[in-house]
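Listed in TrEMBL for this protein:
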| type | residues | note |
| --- | --- | --- |
| ACT_SITE | A:CYS82 | active site, nucleophile |
| ACT_SITE | A:HIS199 | active site |
| ACT_SITE | A:GLU201 | active site |
| DOMAIN | A:6-215 | domain 'Glutamine amidotransferase' |
Amino acid sequence: MGARVVVLDYGFGNVRSATRALERVGAEVTLTADRTAAQDADGLVVPGVGAFGACIAGLRKVRGHEVIGRRIAGGRPVLGICVGMQILFDAGVEHGERAEGMGEWAGTVERLDAPVVPHMGWAPVEVPEGSRLFAGVENERFYFVHSYAAQNFTQGHDSFADPRFRPPLVTWAHAGTPIRGTRFVAAVEDGPLAATQFHPEKSGDAGARLLENWVRTLG
Amino acid sequence: MSVAIRVIPCLDVDAGRVVKGVNFQNLRDAGDPVELAARYDAEGADELTFLDVSASSAGRDTTVEVVRRTAEQVFVPLTVGGGVRSADDVDRLLRAGADKVGVNTAAIARPELIAEIAQRFGSQVLVLSVDARRVSGGTTTPSGYEVTTHGGRTGTGIDAVEWAEKAAALGAGEILLNSMDADGTANGFDLEMLADVRARVTVPLIASGGAGRPEDFVTAAEAGADAVLAASVFHFGTLTIPQVKQEMREAGLEVR
């Protein structure tokens, strides 16, 4: 039996692709918004497509934010994808409207400043030393499609003083060129919480390997 | 290092079957879009596009089923266009597993459709397809290009560059610019038209129509295309995706 994974079905994700990609790497996947199932699964995937404000509102409607919060507190793995990653930050600003996120990480998700937006296509990533998520695919490209991103990451959480906690590992990417473009957070690995701005479920074999790496961490 | 120039094969699908000949060896069923999609994925296609040319709603239902089966097996982005008239049509294709949806004629008739789709699903799902040609006869437009319908047979008098710009402002996340003059010639993309549209829109731009040689993909990217789409050169085996990417790599372009 593979690891039991719930893909949270709250109306704002390409849930079918995420489900299939996880099944491909051996997970036993359930697509549901049921809180008990999401709470009890070995791993929880939070996809997200569309606007930040609409996604966080949709998540709150099914009380997904509570499930995510409880899982993190209990050290149980959660993987956010695309807007499912963005909503983990303090807030998002789209079209001048600010929406509160879950505040797991400091920082605001804002519009990319690059010659061509949306940032769409296969881009390389800068993976930090010690990443488990990117093991074996550090030099691969992944598929991005987004107009907004977290462009800073503040390593300032109180719990870092506790030696049991390692600081988050942040993977970066660029939209545009090094001369005219924006550096943004492409992925974060923070204890039980992992997230990617790109779509591993649409990133071919490299994405499958990354999902496999994550599924393997699930007990 | 930044985002790679995407190479996108396009399959015309009629009632769930690939139309126009496909000349691949070792295919069980050369008319099955799912098998072809998987083949192109394996060859390194960065995305795939299905253009549904079905004339009937029953035919379009079959295409939705094909999209569903493709999404089960193919793990690169899939765009589906053809016959999309409403946000509900978009919803149906996205639920079946499409990542992006192409809109063309319905948006010309009713540009608000672009905003409706973008507001409901986000700009990133919406590819505006523009079938454009150089104006001739009595027609004039400011850019010298006009939007056409009915496979290029009918001119609309709408300026193609202005339309692309307006569509992007309304919420189209990407523009697929298809040159009806170059389409089928295998003499290269309409580079001037690409450059003229590139100068006016900041959303990603896909070049389409006219691919014949590997170097055509290079010049299209140099003219400002973020992605390059082709159909028959790939289907007939005139060019392969690795061959095109090798040419682009040697020209100093970033490819996956």
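Here, residue 1 is simply the first one shown, and the rest follow in order.
From the backbone N, Cα and C atoms, a Cβ is placed for every residue, glycine too.
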Out of the active-site residues A:CYS82, A:HIS199, A:GLU201, the residue with the smallest number of other Cβ atoms within 10 Å is A:HIS199
Across the domain 'Glutamine amidotransferase' (A:6-215), the model's average pLDDT, rounded to a whole number, is 93
The residue listed as 'active site, nucleophile' to A:HIS199 (active site), Cα to Cα, whole Å, comes out at 6
Three-class DSSP assignment, A:CYS82 (active site, nucleophile), comes back as coil
Simplified to three states, DSSP reports A:GLU201 (active site) as helix
